[in-house]
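Okay, so here's the structure we're looking at.
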Amino acid sequence: MGFNEFLSSIFGNKSTRDMKEIQPWVDKIKAAYPEVAKLDNDGLRAKTEELKEYIRNSASKERAKADELRAGIENVELEDREEVFAQIDKIEKEILEIYEKALDEVLPVAFSIVKESAKRFSENEEIVVTATDFDRTLAATKDFVRIEGDKAIWQNHWNAGGNDTVWNMVHYDVQLFGGVVLHKGKIAEMATGEGKTLVATLPVFLNALTGNGVHVVTVNDYLAKRDSEWMGPLYMFHGLSVDCIDRHQPNSDARRQAYLADITFGTNNEFGFDYLRDNMAISPKDLVQRQHNYAIVDEVDSVLIDDARTPLIISGPVPKGEDQLFDQLRPLVERLVEAQKVLATKYLSEAKKLINSDDKKEVEEGFLALFRSHKALPKNKALIKFLSEQGIKAGMLKTEEVYMEQNNKRMHEATDPLYFVIDEKLNSVDLTDKGVDLITGNSEDPTLFVLPDIAAQLSELENEHGLSDEQKLEKKDALLTNYAIKSERVHTINQLLKAYTMFEKDDEYVVIDGQVKIVDEQTGRIMEGRRYSDGLHQAIEAKEGVKVEAATQTFATITLQNYFRMYHKLSGMTGTAETEAGELWDIYKLDVVVIPTNRPIARKDMNDRVYKTKREKYKAVIEEIEQLVQAGRPVLVGTTSVEISEMLSKMLTMRKIEHNVLNAKLHQKEADIVAKAGLSGTVTIATNMAGRGTDIKLSPEVKAAGGLAIIGTERHESRRVDRQLRGRAGRQGDPGSSVFFVSLEDDLMRLFSSDRIASVMDKLGFQEGEMIEHKMISNSIERAQKKVEENNFGIRKRLLEYDDVMNKQRTVVYTKRRHALMGERIGMDIVNMIWDRCAAAIENNADYEECKLDLLQTLAMEAPFTEEEFRNEKKDKLADKTFDVAIANFKRKTERLAQIANPVIKQVYENQGHMYENILIPITDGKRMYNISCNLKAAYESESKEVVKSFEKSILLHVIDESWKENLRELDELKHSVQNASYEQKDPLLIYKLESVTLFDNMVNKINNQTVSILMRGQIPVAEPTEEQQEAARRVEVRQAAPEQRQDMSKYREQKQDLNDPNQQAAAQQDTREAVKREPIRAEKTVGRNDPCPCGSGKKYKNCHGRNS
């Protein structure tokens, strides 16, 4: 007995402990159910209203307190509002916690209501209830409800996903168990066919009672629409509104209404993009989402793990975005690749001759030639076949070890004769000197594709005597420009090389309608709108001869993980999460609970069948399919790429075996094909995991013949994906079988495992065509998968660590932006900006005259202290003094601005208010004129204070957006440039974190400076009017402002950037980042107004010693 087994025998395994924890809840539900079942139909619905009322009342005191604080905010001084808002935020958190306790209290009754409703719909064709206003509204648009007099008649059949569906489901005990797990914010792992969709109805119904909204997140729009239609009537019966965001256009009123529904269905991408769009909005009317309350993520492993390397990006055009070198440099790369192919073939034929020699030295030379051929083109089919022969791969690996000794000291001897070197495991391509010579050719500049040592050149320039500062600056600019041009050229060559040597059409991507579209390696589906990053996608477009898309700039970005982390409560469902439980806990603190099946699984999972070559393997697959079809069993064949699915299709057509193909090119009929995949003798070829969420139902004849047969044509890198394929068979206790066919030429085996298995096969004397099937082999393959999973987890975690840096910045910026947009907290933010600006002017200037100039430029004020005071007084006291004067000036100027605007506003509103909704007010800061749109009625009622608020809002939004966009670009450049730190034995992430803090500080300072400078100088341009002008003013037609503009999203592109590409995994080969001017790092830390006081009281500095200074 192992140590883990020993511990399990004492404490029980995790599954048992989870069951023990949840079982009392299930017992409570069962105890509450008989009372609920006694209620008539109206009583059942009334019970729901009773629960809603109970939950609302549970936090009524707290809500009243928060409302009272909000109502009195206008009477609080600007400087003190921050504390009031902090109190409001604290109460809002308390309300959420109170609601959670109330939900736990009503859970048994709420779950019983859902179960009883499901039972009544399954047992009755019609349910008659007293009609409510909600019923009458529904009856106008839904065909499953009709009104007769004062009665509403609900039918038990409706359209879901294009099919007429009769409700026939009632919750099992294990589904109640799953419902509790989801409500508790955990992941429920349930086997295929166990009714995950029905399980979700329990926690969705319960949490929707709060009125704060529940989001049900799915992986594709078909499932989102189908599930909202399928489960919707069960919720609507109890007066809960249901909608699906994927039915409506982004930024539309319909999309906003969908978010206001009690229950909102949608795809993960659309939820994420709506969040980004909301944070680019220019009016509160543009916002669609409300608070992130509770989300249930269907197929949670796919969203939180498979998509983990894929940030959502909204990008827009950049100046000169059409300029690119890909088409221009493509012929050079094609020449390079052709030359390498000739070289690789030559080395391979040399190796074949020399390895069979009796001379030991010649054998060594043969294995070196083989190693060179492998480094030249590792995917060469002839090479892969030769490596599968007895003893060949082991010999090549020994040769590799010789050259890898002492930190790759001799590796250049092996690779110098090549034009470029490919490392499959690192996903990298490196150009050699020989390759550079080939593409440079007869060029006048032999260093055309060689990056100069910019640091050394700049150092030489600094030490060069006899040059004026101006001449040095000119030379420096020329050096940096030359470096940037060469850097772009080298980068383009590298990306084109990757496109030609590491990315294959119909495997990693497909070309449809003149566009390169990425095929998701996990699902086999086309990832619409997703692009490889860093120019790789453009390189593939150039390779395929399609239009190379223009370069874009990121305007807003977030990873799905960081989006879903914003929810107050998050849970998920999947058939396979146990293998990734560690990652889900590490990153999201989500616990995986395995839900037992309702009936025992009867599927037979066989050991892997291993062959030496792919040819033998596919031949065996076809023979296996033929036998299963003859036995009358349906067969689902899982493949890892479009190319393999098309090849198997051709082989089956030659054998005259009828079949359906489901891959990235033929995905339109997915639901139909998968639904028919259970018919007797049906063969369905599908790329991995296609059809998730659609059950394959079997007829009695098929069950008698042995059920659905799953054939995997290759082991995937992830055990989870293999488990998902196996899980298609054996639903609800049905019979079935699964088996994987593997060859030593498969990518997983070739890269991670085949040397050990190959040596076993060599020792046992297996010949070509023979198959090995043994538990030891299956275990060895699983070990290889674990190795890859660990590597992929490392990559995902690393990328998340990079995004976490940006996420902290994004949270700060988007919070400030939302304050400006909504207007409620804008005054508080401006006060803090003025304080920061005052403190910075005192802190950053050692000279009195410089300090005076700084205050004049940014705060438009004279220094409120003498030179002597500046030298002798404490800095914090000077800052406080400056701040008091600045705030007084700011209040005086804003009051003056309102006074000047008010007569005009009053006149227009009283004479022409019925004609105009908004008015444009011209305001200038002395440098630029701003036309500020303001609501006429609000301006009139507030005596033009609304004009000031609109001015502040417009300026703050403009400055934040421009600064954040620039910061994103700099962070992007920084991320690439820090990779070079690994060559200096430094951690690039650490350097990134340190440098990004400096960038962020610079951005915040820039936002503060620009905002304060414009607001402090803002005034309505007026001149003393003549009598004629006064008379004309009385007759002037007022210029009407257009209705407040909606954000036009059409110029932006939404995309999912694929971070699972070589650029993100391998260290960047050159520093592409332009030199950025850095502020000196200051050792001493200044205490901000809102920082904790250094005295240790726990109060904010401004309320403690900051006030006493």
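Placed from the backbone N, Cα and C atoms, the Cβ positions cover glycine too.
The structure displayed is predicted, hence computed values, not measured ones.
What Swiss-Prot records for this protein:
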BINDING   Q175, G193, E194, G195, K196, T197, D695  ATP binding site
REGION    1038-1109  region 'Disordered'
COMPBIAS  1045-1059  compositional bias 'Basic and acidic residues'
COMPBIAS  1071-1088  compositional bias 'Basic and acidic residues'
BINDING   C1093, C1095, C1104, H1105  Zn(2+) binding site
COMPBIAS  1099-1109  compositional bias 'Basic residues'
Lowest local Cβ density (other Cβ within 10 Å) among binding-site residues: G193, G195: G195
Assigned element (helix, strand, coil) containing G193 (ATP binding site), judged by DSSP: coil
Those binding-site residues listed as Q175, T197, and which of them has the most Cβ atoms within 10 Å of its own Cβ: Q175
Cβ atoms near K196 (ATP binding site) (within 10 Å, other residues, all chains): 24
Surrounding CB atoms that lie within 10 Å of the CB of E194 (ATP binding site), all protein chains: 24
